[in-house]
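Here's the structure, in structure tokens; my notes come after.
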């Protein structure tokens with residue numbers, strides 16, 4: 001078994017909607033990023049890559065490469081997981097915490113879990129997504145951006 005941790009943060013800017021966990025969520029602002037700005041999938045991808053000792057999302061998909069401009073983060077997650085499978089690992093479980101004052105994530109979490117389970121070729125019970133606020137503290141509390149943490153467990157096939 002191998003454990004990895006991932007973290008991502010993106011600042012609000014421009015027009016919405018935002019994409020979190022592969023779900024388009026209506027919001028008055030978007031998230032500034034080279035890709036689609038999906039903090040949940042970026043943190044999850046980093047956690048998985050870390051568990052497999054494959055570096056991080058920036059190493060595999062650098063923001064200096066125009067090929068990744070505006071890219072769907074589900075595509076990046078699937079590519080990273082393909083490399084992990086080549087090393088002989090599969091998902092044990094994935095736990096994601098979205099940290100956002102707004103918008104509310106709860107109505108969108110079921111579809112996020114479906115998307116992740118589909119992309120990681122695993123049972124939905126292997127995927128947990130939850131959301132919290134910072135009680136109006138810090139940049140998240142001031143609604144300046146969204147952060148996300150993820151922990152992944154990989155098991156050898």
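Cβ coordinates come from backbone N, Cα and C, glycine included.
Swiss-Prot lists 8-10, 34-35, 56-58, 61-65, 100-106, 132-135, 139, 142 with the feature 4-CDP-2-C-methyl-D-erythritol 2-phosphate binding site. For the recorded site, residue 103 (4-CDP-2-C-methyl-D-erythritol 2-phosphate binding site), the DSSP three-state label reads coil.
Taking the Cβ of residue 8 (4-CDP-2-C-methyl-D-erythritol 2-phosphate binding site) as reference, residues of its chain lying under 8 Å away and at least six apart in sequence are, in sequence order, 39, 40, 42, 43, 46, 57, 147, 148. Sequence annotations record features per position, and here Swiss-Prot assigns divalent metal cation binding site to 8, 10, 42 based on sequence analysis.
The site 'Transition state stabilizer' annotation in Swiss-Prot covers 34 (among others). Long-range Cβ proximity for residue 34 (site 'Transition state stabilizer'), meaning a same-chain Cβ under 8 A and a gap of 6 or more residues, is found for 63, 68, 69, 70.
Per Swiss-Prot, the feature site 'Transition state stabilizer' maps to 133 (among others); the stated evidence is sequence analysis. Non-local contacts of residue 133 (site 'Transition state stabilizer') by the CB criterion (under 8 A, 6+ apart in sequence, same chain) comprise 99, 100, 101, 140, 141. The DSSP secondary structure for residue 133 (site 'Transition state stabilizer') is coil.
The two recorded residues residue 61 (4-CDP-2-C-methyl-D-erythritol 2-phosphate binding site) and residue 10 (divalent metal cation binding site) have their Cα atoms spaced 17 Å from each other.
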